[in-house]
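A.B. asks: So Swiss-Prot lists these for the protein:
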BINDING   Asp24, Asp26, Ser28, Tyr30, Glu35  Ca(2+) 1 binding site
DOMAIN    11-46  domain 'EF-hand 1'
DOMAIN    51-86  domain 'EF-hand 2'
DOMAIN    122-238  domain 'Calponin-homology (CH) 1'
DOMAIN    266-377  domain 'Calponin-homology (CH) 2'
DOMAIN    396-505  domain 'Calponin-homology (CH) 3'
DOMAIN    517-626  domain 'Calponin-homology (CH) 4'
REGION    108-375  region 'Actin-binding 1'
REGION    376-624  region 'Actin-binding 2'
Amino acid sequence: MENNVTTISREELEELREAFNKIDIDNSGYVSDYELQDLFKEASLPLPGYKVREIIEKIFAVTDSNKDGKINFEEFVSLIQELKSKDVSKSYRKSINKKLGITALGGTSSISTEGTQHSYSEEEKVAFVNWINKALQDDPDCKHILPMNPSDASLFKSLADGILLCKMINFSQPDTIDERAINKKKLTPFTISENLNLALNSASAIGCTVVNIGSQDLQEGKPHLVLGLLWQIIKVGLFADIEISRNEALIALLNEGEELDQLMKLSPEELLLRWVNYHLANAGWQKISNFSQDIRDSRAYYHLLNQIAPKGDDFDEIHVEIDFSGFNDKNDLRRAECMLQQADKLGCRQFVTPADVVAGNPKLNLAFVANLFNTYPALHKPDNSSYDLTLLEGESNEERTFRNWMNSLGVSPYVNHLYSDLSDALIIFQLYEMTRVPVDWTHVNKRPYPLLGGNMKKIENCNYAVELGKTKAKFSLVGIAGHDLNEGNPTLTLALIWQLMRRYTLNVLSDLGEGEKVNDEIIIKWVNQTLANANKKTSITSFKDKSISTSLPVLDLIDAIAPKAVRQEMVKREDLSYQDKLNNAKYAISVARKIGARIYALPDDLVEVKPKMVMTVFACLMGRGLNKIK
């Protein structure tokens, strides 16, 4: 046990980041030694004062690598790893169980080792059950499992046939899954497994990290994995419109003297915080800087609700009166309950209980606020038309696909904006490692960057990223320099990202094909051979072949790899209109995911025959075909 170093998952990392940010109130990127005890408490690892003092004396010598008496996030994570790996892990396990609302389970899966602690939050379970019950209450396909009981474990059982997960993915990101591909009646273990594959591969395609989750885990209803996946899916839906190109009224949140492109770089979380503060300023109330500590007394929420509640000014609008009578209640829980009763008048009593508000649960309070924003943003787009409207075009399908691909692999932090979030190349280095291009991390500048010269540090990273691409990855990067990545030059950035995605896809194929190098020619040859062997009439000459716009070569290939997966009555083969082609493409991509191909491409990519994305579709299907042979 002494030598075991605990690995920390991305989800845990996000929770540690949440805890760190709560204590790092001034956003300096550091916490001081005297704040360490609070930090452990926030990280679900409360330790007595003497223990913290011992740690400060002993471990600071090792962990505080730059000896500045402060700890940055990386140092904190290594400290947590150290603690969880040693004797303290015993008390850690006990303390995590005692933490309010935490249910702990021992490790039971073949992957998890003996003694691992998988805890899950009772509050999250209750919140997600209520959200799903409301979201899918009118769906006839879910009548057999809804409504679920928030106070028992029915959530974990209800996900077992895959239908609920598929439905929630479509609720968060409409049209991701073609309903015709979901198995709904007379389910068998095989058709259930297909549904779960469809859900996992579709979740991946909308940017959820599913690296450590298998269909078996979902079938067994492993709580920590189920809740982790559900939170990602729900968050995609909650954040979908908190984006300026999709909601121009957010321009109202520009600060004095701020440029629009600065506002566009903010994450949905940062935009939500700014939205709340915009309304609090109008109410004459003090700003908040987080969705945990600062909202625990519910008073900011009272003012927010009062600002966004319909005033009845418009012809078809009914006035909603926010009752402040509970505002001065001495009891925090009672005050929170009164506030939530006001939220209920807006149809927004979701995600949090009074206890979640008072405890400052950051995840659930964030969801509560996002739902308020989506229901009553109460923003008016400024009349001033002096903004650069080209900035408001939003991301292309290709950009979104690349971003979802990165996020599904678990890069950290999450990529919200393809260009600005890659401007320091840290995400690109992670992608290099995932594509087996070695990165010398001693050459990489880490966050937080100094105020003075910070951009220079980012450009140094970008220069190294381009150098790695040319020398180690052997990519074609003619005319690309570090400053192009730093400035977010779309064409040149996409050229690098495409080569990373292509390499990643081909690596998967090479692994299945005994290490043989794979190229376009080999994929096309395999596709045509497989189609011919199954007596199919379709074939392709290249990834630009116009026949691909019908999706028939894709559907026939799926049928050749997994007979009976395609229901032929769903496929239109003659006299195809544009809509027919689109329907075929939607069905093809969903069925491909259902048989186990992790496809990121969109139906439009097939209809419009986008060669890059078409290549990934056939490569993923080839991977599935080779896997079957093995």
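Glycine is treated like the rest: Cβ placed from N, Cα and C.
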A.B. asks: In the predicted model, what is the mean pLDDT computed over the domain 'Calponin-homology (CH) 4' (517-626)?
C.D. replies: 97
A.B. asks: Provide the three-state secondary structure of Tyr30 (Ca(2+) 1 binding site) computed with DSSP.
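C.D. replies: Looking at the DSSP assignment, Tyr30 (Ca(2+) 1 binding site) belongs to a strand.
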A.B. asks: Can you count the other CB atoms that lie within 10 A of the CB of Tyr30 (Ca(2+) 1 binding site)?
C.D. replies: 18
A.B. asks: Can you tell me how the residues of the domain 'Calponin-homology (CH) 1' (122-238) break down into helix, strand and coil by DSSP?
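C.D. replies: DSSP composition of the domain 'Calponin-homology (CH) 1' (122-238): 73 helix, 0 strand, 44 coil.
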